[in-house]
Amino acid sequence: MALLTAAARLFGAKNASCLVLAARHASASSTNLKDILADLIPKEQARIKTFRQQHGNTVVGQITVDMMYGGMRGMKGLVYETSVLDPDEGIRFRGYSIPECQKMLPKAKGGEEPLPEGLFWLLVTGQIPTEEQVSWLSKEWAKRAALPSHVVTMLDNFPTNLHPMSQLSAAITALNSESNFARAYAEGIHRTKYWELIYEDCMDLIAKLPCVAAKIYRNLYREGSSIGAIDSKLDWSHNFTNMLGYTDAQFTELMRLYLTIHSDHEGGNVSAHTSHLVGSALSDPYLSFAAAMNGLAGPLHGLANQEVLVWLTQLQKEVGKDVSDEKLRDYIWNTLNSGRVVPGYGHAVLRKTDPRYTCQREFALKHLPHDPMFKLVAQLYKIVPNVLLEQGKAKNPWPNVDAHSGVLLQYYGMTEMNYYTVLFGVSRALGVLAQLIWSRALGFPLERPKSMSTDGLIKLVDSK
């Protein structure tokens, strides 16, 4: 969508709108995702070729010294098609906001939350899928879900003190033995065919991830009990919750929502950028996604919802479960004055309440309005932003997605906080692998930015 926005500005909103409409309605009747991609890719290749020919030398931004030392925050440096993060309204998946996705994407029979299959279809094609297309995708993933025996054996032999994310990354790496792309590349496949094999690998990997994740959960927390068999009549999330051992229909609905909203968050975050970077070396999707999961395992990326729960639990321990607004306000100030942050508040890009927080809050208001932990989260929502504004340091005093997700999981009995990032990883596959397909389809080259030393920067600045 960033490219579409640029197109609208640079060669006319009318033309760009026509391109969007063409993409969204091409081959809309087919239920085969690969067939639709085969139709869309040449059109997008031609569009980008024309765009680059006309505007390849156009300057899109400036780079400052602070950006280079500050984690490249705000630096426009890569093309990422599947989602765009707006500071004021949050994430848009191929142009659609989270409320729009909740309303427009197909749902399970009797369900109210969007199916992640529909979100993946949207990310890959730019089209809102039909129920038939989503059903096809559910069945396709069920058909591809079986794990090779060596991966099962490896998971069963991991020590119980090995972190779930380490197990996930290792298992994904070992699945590389199944890579269609790696085999075809070794045999000399033409680069115009790369995307077809990447597509097959991405579909296989997404299909197998719930089995890997459920196997890890059962081995660590359920005495190694069987995950059971995939049911081709059920959707991806329902099969996942069944394999985890959860039978509550509300928990399955929560998982559909969770897997949808955590799927993608633009291309600059650690996991998305890592998969993009590693994939640019023509590493297969298994290796690229395993690298992304190693980034997600870092405490500054994927562990935030655990930190929120730890902080909430400590808060309850110190001031009690039924705390007044005044005492809560004092506790928040004590947290800030001790040099710590309030976990779950603030975001590197967002400047308003994260819509992913809002939709989880709405889920809680509907299904668990009287839960003590949710009531505490709701109470914090009223108080924390005002305290942070008074302090004057936070650019964004509003809650993010992590302020809520752990509380919902706890309510339905998933109390194993070390496992939460695995759920995040299963979800994130939808976004980064959708983009990986397009990266190869569009022929994106090896990523190789120029680095500079401090001495080099000083000389550069002095010369200006």
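Numbering starts at 1 and runs along the chain as displayed.
Each residue, glycine too, has its Cβ placed from N, Cα and C.
Look at Swiss-Prot and you will find 2-21 tagged as motif 'SIFI-degron', backed by similarity to another entry.
Per Swiss-Prot, N6-acetyllysine is recorded for Lys76 (among others), and the stated evidence type is similarity to another entry. Cβ neighbour count for Lys76 (N6-acetyllysine) (all protein chains, 10 Å cutoff from its Cβ): 13.
Positions annotated as N6-succinyllysine by Swiss-Prot, on the basis of similarity to another entry: Lys76 (among others).
Annotation note: Lys103 (N6-succinyllysine) sits in a helical segment as assigned by DSSP. Residues or ranges marked as N6-succinyllysine in Swiss-Prot: Lys103 (among others).
Under the three-state DSSP scheme, Lys193 (N6-succinyllysine) falls in the helix class. Counting every protein chain shown, the number of other Cβ atoms lying within 10 Å of the Cβ of Lys193 (N6-succinyllysine) is 13. The annotation N6-succinyllysine is assigned in Swiss-Prot to Lys193 (among others) on the grounds of similarity to another entry.
For His301 (among others), the entry in Swiss-Prot reads active site. Long-range neighbours of His301 (active site) (same chain, six or more residues apart, CB within less than 8 Å of its CB): Asn269, Val270, Ser271, Gly295.
In the three-state DSSP scheme, Lys321 (N6-acetyllysine) falls into the coil class. Taken from Swiss-Prot, the feature N6-acetyllysine applies to Lys321 (among others).
The annotation N6-succinyllysine is assigned in Swiss-Prot to Lys321 (among others) on the grounds of similarity to another entry. Its Cβ taken as reference, Lys321 (N6-acetyllysine) is surrounded by 11 other Cβ atoms within 10 Å in the chains shown.
Look at Swiss-Prot and you will find Lys327 (among others) tagged as N6-acetyllysine. Cβ neighbours of Lys327 (N6-acetyllysine) (same chain, under 8 Å, six or more residues apart in sequence): Val319.
DSSP classifies Lys327 (N6-acetyllysine) as helix under the three-state reduction. As annotated by Swiss-Prot, N6-succinyllysine applies to Lys327 (among others).
Secondary structure from DSSP puts His347 (active site) in coil. What Swiss-Prot lists as active site is His347 (among others).
Sequence annotations record features per position, and here Swiss-Prot assigns oxaloacetate binding site to Arg356, Arg428, Arg448 based on similarity to another entry. According to DSSP, Arg448 (oxaloacetate binding site) sits in a coil region rather than a helix or strand.
Per Swiss-Prot, the feature N6-acetyllysine maps to Lys375 (among others); the stated evidence is similarity to another entry. Same-chain residues at least 6 positions away in sequence with a Cβ under 8 Å from that of Lys375 (N6-acetyllysine) are not found in this chain.
The N6-succinyllysine annotation in Swiss-Prot covers Lys375 (among others) and is backed by similarity to another entry.
According to DSSP, Lys382 (N6-acetyllysine) sits within a helical segment. Lys382 (N6-acetyllysine) counts 10 other C-beta atoms within 10 Å of its own C-beta, drawing on all protein chains shown. For Lys382 (among others), the entry in Swiss-Prot reads N6-acetyllysine, with the evidence type similarity to another entry.
According to Swiss-Prot, the feature N6-acetyllysine maps to Lys393 (among others), an assignment based on similarity to another entry. With a 10 A radius on its CB, Lys393 (N6-acetyllysine) counts 11 other CB atoms from all the protein chains.
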Pick out which of the recorded positions Lys103, His347, Arg428, Lys450 has the most other Cβ atoms within 10 Å of its own Cβ.
Arg428
Just checking a number: largest C-alpha distance across Arg356, Arg428, Arg448 for the oxaloacetate site, rounded to a whole Å.
33
Using all protein chains shown, find which of the recorded positions Arg356, Lys395, Arg448, Lys459 scores highest when you count other CB atoms within 10 A of its CB.
Arg356
Using all protein chains in view, find how many other C-beta atoms are within 10 Å of the C-beta of Asp402 (active site).
25
His347 (active site) and Lys321 (N6-acetyllysine), Cα-Cα, nearest whole angstrom
27
